[in-house]
Amino acid sequence: MRLVLVGPPGAGKGTQAEFVAAHLAVPKISTGDIFRSNVSQGTPLGVQAKRYMDAGELVPDEVTINMVRDRLAEPDAGEGFLLDGFPRTTPQAAALDKLLVDLGTALDLVLELVVDDDEVIRRLSGRRTCRGCGKVWHVEFDAPSQEGRCDRCGAELFQRDDDKPETIATRLREYADKTAPLVDYYGAQSKLVGIDATGPVEDVTVRAIDALRSYSG
C-alpha cells in the first residue's frame, strides 16, 4: 500500500506513522529523514538543500520533490511506503502524483489524523523539556515526580518556544492555510480517510488499522 499521513501539528503523526508502517510492512519515509540522509551523504541534492538551510531559507519544492523521487525509487519502496511530512501543500501533492506516474504507480490512500485546535494546544503547550538530558515530559500526560525537575537526571525543565501557546497558534494558522487544503485535494480523488486522533495512542492506532482494513477490504 502507498500511503500518505496528514494532520495538524501535535496530531501524533510521527508516532502513528511508525505503528502503521510496521503493520503494513512498508518503509516509513519522512522528509526530515530524507534531508538528513542527503545532507550527510553529500549528494548533489543534499548540497543544494544545505546551502538554503545554512542561509535560513526554505528549501525549494523542486529540490524536495527530487529527493522524494529518489527515495521512492529505491527497492524497499517498490511494494509500498508511508509518507510522513510530505506533501505539505497542494502543489507538492500534484508533483507527488506526477512523480508516481513517472514511477509507474499511484497513491492508494491518504490517512488524516483529525484533532481540534484546543486539543493540539493542550498536547503541545504541556510539554516540558529537560535542560540536562533532553527528555520531554508533559505536565498532564507524563509528569515528573517533582514539578519542574527531570526524574531521569534532576535537571531543570523548561518550555521550548515552539511549545508556547502563541507559537502553536501560529503553526495551526500555517497548517490551515497551506496543508489543510490537501484534505480537499485528496477528497476530490476519493483517496481521503479521516480518523479521530484523540485518546490513547493505542486507540488511535487501532482506528488507523481498522480504516486501512476497510479500504483494503
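Each residue, glycine too, has its Cβ placed from N, Cα and C.
Pulled from Swiss-Prot, these are the features on record:
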- G10, A11, G12, K13, G14, T15, R127, G199: ATP binding site (BINDING)
- 30-59: region 'NMP' (REGION)
- T31, R36, E57, L58, V59, G85, F86, P87, R88, Q92, R160, R171: AMP binding site (BINDING)
- 126-163: region 'LID' (REGION)
- C130, C133, C150, C153: Zn(2+) binding site (BINDING)
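In this structure, the CA atom of V59 (AMP binding site) is 25 Å away from the CA atom of T15 (ATP binding site). Per-residue pLDDT, averaged along the region 'LID' (126-163), amounts to 96 for this model.
Cα separation, G14 (ATP binding site) to F86 (AMP binding site), rounded: 12 Å. A separation of roughly 14 Å, to the nearest angstrom, links the Cα atoms of G10 (ATP binding site) and R160 (AMP binding site).
Of the recorded residues, R127 (ATP binding site) and R160 (AMP binding site) place their C-alpha atoms 8 Å from one another. Secondary structure at V59 (AMP binding site), taken from DSSP and collapsed to helix, strand or coil, is coil. DSSP assigns R127 (ATP binding site) to a strand. Each of the binding-site residues G10, G14, G199 was scored by the number of other CB atoms within 10 Å of its CB, and the largest score is that of G10. R160 (AMP binding site) has C130 as its nearest neighbour among the binding-site residues A11, G12, C130, G199, going by CA to CA distance. Ranking the binding-site residues F86, C133, C150 by Cα distance from A11 (ATP binding site) puts F86 first. Comparing C150 (Zn(2+) binding site) with R88 (AMP binding site), their Cα atoms are 35 Å apart once rounded. Of the recorded residues, T15 (ATP binding site) and T31 (AMP binding site) place their C-alpha atoms 15 Å from one another.
Across the binding-site residues listed here (T15, T31), the residue whose Cβ sits among the most other Cβ atoms within 10 Å is T31.
Cα of E57 (AMP binding site) to Cα of K13 (ATP binding site): a span of 25 Å.
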